[in-house]
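**Q** What Swiss-Prot shows for this protein is this:
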DOMAIN    1-125  domain 'C-type lysozyme'
DISULFID  Cys9-Cys125  disulfide bond
DISULFID  Cys30-Cys115  disulfide bond
ACT_SITE  Glu35  active site
ACT_SITE  Asp52  active site
DISULFID  Cys64-Cys80  disulfide bond
DISULFID  Cys76-Cys94  disulfide bond
Amino acid sequence: KILKKQELCKNLVAQGMNGYQHITLPNWVCTAFHESSYNTRATNHNTDGSTDYGILQINSRYWCHDGKTPGSKNACNISCSKLLDDDITDDLKCAKKIAGEAKGLTPWVAWKSKCRGHDLSKFKC
């Protein structure tokens, strides 16, 4: 499912992500846009054999279990397939854990290259 920006915003607010670790909503929205184009079913395979899943491209090496990534930590204690359904609540809970451990959005390559320090006005909720 391709989410509309407003749907994503509503979900982010509901999960208490506005201001979490000092991260503003436009930063979350920008990250989701550049990671997946707001597509809840997005997957991308990495050269290390891991896969990124869902609207925020959560990685199977560390955060979710897909049954095929060697040495997966599954720190969010979730099946990666749950990150591909239309309900993004679990994606956001896991993303919150990731951002909490990193104290920000640095684990997301798209945020570092396309959102950090950029004009985020088009990603306002």
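Glycine is no exception: its Cβ is also placed from the backbone N, Cα and C atoms.
Source: prediction; values computed, not measured.
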**Q** Around Cys80 (disulfide bond), which of the listed recorded positions (Glu35, Asp52, Cys94, Cys115, Cys125) come within 10 Å, judging by Cα atoms?
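**A** Those close enough are Asp52.
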**Q** In whole Å, how far does the CA atom of Cys76 (disulfide bond) lie from that of Glu35 (active site)?
**A** 19
**Q** Please compare the disulfide-bonded residues Cys9, Cys30, Cys76, Cys80, Cys125 by how many other CB atoms fall within 10 Å of each one's CB, and tell me which has the fewest.
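**A** So among Cys9, Cys30, Cys76, Cys80, Cys125, the disulfide-bonded residues given, the one with the fewest Cβ atoms within 10 Å is Cys125.
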**Q** What's the CA-CA gap between Asp52 (active site) and Cys64 (disulfide bond) in angstrom, rounded?
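**A** Distance between the two Cα atoms comes out at 9 Å.
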**Q** Taking Cα atoms as reference points, rank the disulfide-bonded residues Cys64, Cys94, Cys115, Cys125 by distance from Glu35 (active site) and give the first.
**A** Cys115
**Q** With DSSP as the yardstick, break the domain 'C-type lysozyme' (1-125) down into helix, strand and coil residue counts.
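**A** Across the domain 'C-type lysozyme' (1-125), DSSP assigns the residues as follows: 54 helix, 12 strand, 59 coil.
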**Q** If you compare CA-to-CA distances from Cys94 (disulfide bond) to each of the disulfide-bonded residues Cys9, Cys30, Cys64, Cys115, Cys125, which comes out shortest?
**A** Cys64
**Q** What mean pLDDT does the predicted model reach across the domain 'C-type lysozyme' (1-125)?
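**A** Mean per-residue confidence for the domain 'C-type lysozyme' (1-125): 98 out of 100.
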**Q** Of Cys64, Cys94, Cys115, which of the disulfide-bonded residues has the most Cβ neighbours inside 10 Å?
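**A** Counting every other Cβ within 10 Å of each candidate, the maximum falls on Cys64.
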**Q** Here's one to test understanding: among the disulfide-bonded residues Cys30, Cys64, Cys115, whose C-alpha is closest in space to the C-alpha of Cys125 (disulfide bond)?
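**A** Of the disulfide-bonded residues Cys30, Cys64, Cys115, Cys30 has its Cα closest to that of Cys125 (disulfide bond).
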